[in-house]
């Protein structure tokens with residue numbers, strides 16, 4: 001249903017009581033005027049009815065133009081509840097089967113992850129899965145800093161905004177999108193429409209598949225990241241209340257990990273590599289320095305260990321880079337660079 005149709009439907013529902021009241025007032029007014037002027041009451045009421053009928057006809061025609069006959073007697077096509085269930089489950093399990101093995105697995109659907117997915121969507125023969133722990137993808141990019149609306153993107157990061165046709169106010173060295181959600185909703189719609197990309201939201205990565213690692217008393221050394229261990233987010237966040245809930249797995253040729261910074265849900269990829277000893281140390285971010293941080297985040301985006309590219313603020317955690325703060329240019333370009341690195345890893349660049 002388009003926006004105009006929804007508006008007409010809502011307006012029609014809201015306006016019905018007012019129209020009936022208006023009709024009654026009109027008839028009463030016509031009656032009073034008729035008595036004063038000596039005009040036939042029946043004739044006046046008939047005129048009032050004709051006016052109201054013409055108004056109702058005009059409304060019905062406007063609604064009909066938008067695909068509906070009558071919003072005052074509206075009916076949907078019938079459906080069985082089991083049909084709804086089968087459509088949801090059959091499609092989801094078909095996706096799980098299809099994406100049990102992928103070319104690229106992106107962990108984290110924030111601004112960096114979505115930028116990476118968008119670039120990879122331009123290669124329809126590459127199968128891309130995106131895993132997002134939250135119900136709502138977008139990460140911190142629904143708002144600017146401190147829950148404010150505007151999104152600041154330093155040049156030349158605005159080139160992606162141009163490609164996505166997102167309007168902005170231009171300044172000397174940066175641009176400002178009036179609401180960060182405009183970027184997120186636009187790029188998300190592009191990614192979701194792509195036939196080679198599937199988003200699994202409300203899904204958590206609990207662990208990594210690691211092959212060819214060598215065990216030592218200090219932990220594991222070497223090794224190649226070959227996939228992700230997944231679970232429903234609500235289960236992953238409540239293992240202390242579950243008696244047993246084993247996870248699932250997704251194999252991939254390359255992972256792009258961009259799960260953000262600090263907090264229990266941030267930098268989970270590199271933190272797990274440190275837990276098992278493949279990374280010796282995750283220093284965490286330094287203090288905020290926007291000018292230094294954005295350049296470094298892009299420049300340091302890399303395949304940190306074989307099979308795992310780290311992008312966005314997760315690379316800042318892994319490398320001890322300065323905190324970036326509420327600017328987004330590096331997130332977009334880091335995601336684009338991660339896509340280029342993934343293509344190279346697949347032998348496509």
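Here the Cβ of each residue, glycine as well, is placed from N, Cα and C on the backbone.
Not measured: the values here are computed from a predicted model.
Quick look at what TrEMBL annotates:
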- 112, 132, 133, 140, 205, 246, 261, 313, 323, 324, 325: substrate binding site (BINDING)
- 244: 2,3-didehydroalanine (Cys) (MOD_RES)
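Comparing residue 205 (substrate binding site) with the residue listed as '2,3-didehydroalanine (Cys)', their Cα atoms are 17 Å apart once rounded.
Across the residues annotated as binding substrate (112, 132, 133, 140, 205, 246, 261, 313, 323, 324, 325), the two Cα atoms farthest apart lie 37 Å from each other.
DSSP gives residue 244 (2,3-didehydroalanine (Cys)) a coil state; it is part of no helix or strand. Using a 10 Å Cβ-Cβ cutoff, residue 261 (substrate binding site) registers 19 neighbours.
Sequence-distant neighbours of residue 325 (substrate binding site) (same chain, six or more apart, CB under 8 Å from its CB) are 145, 288, 290, 293, listed in sequence order. Cβ crowding, taken as the number of other Cβ atoms within 10 Å, peaks at 112 among the binding-site residues 112, 205.
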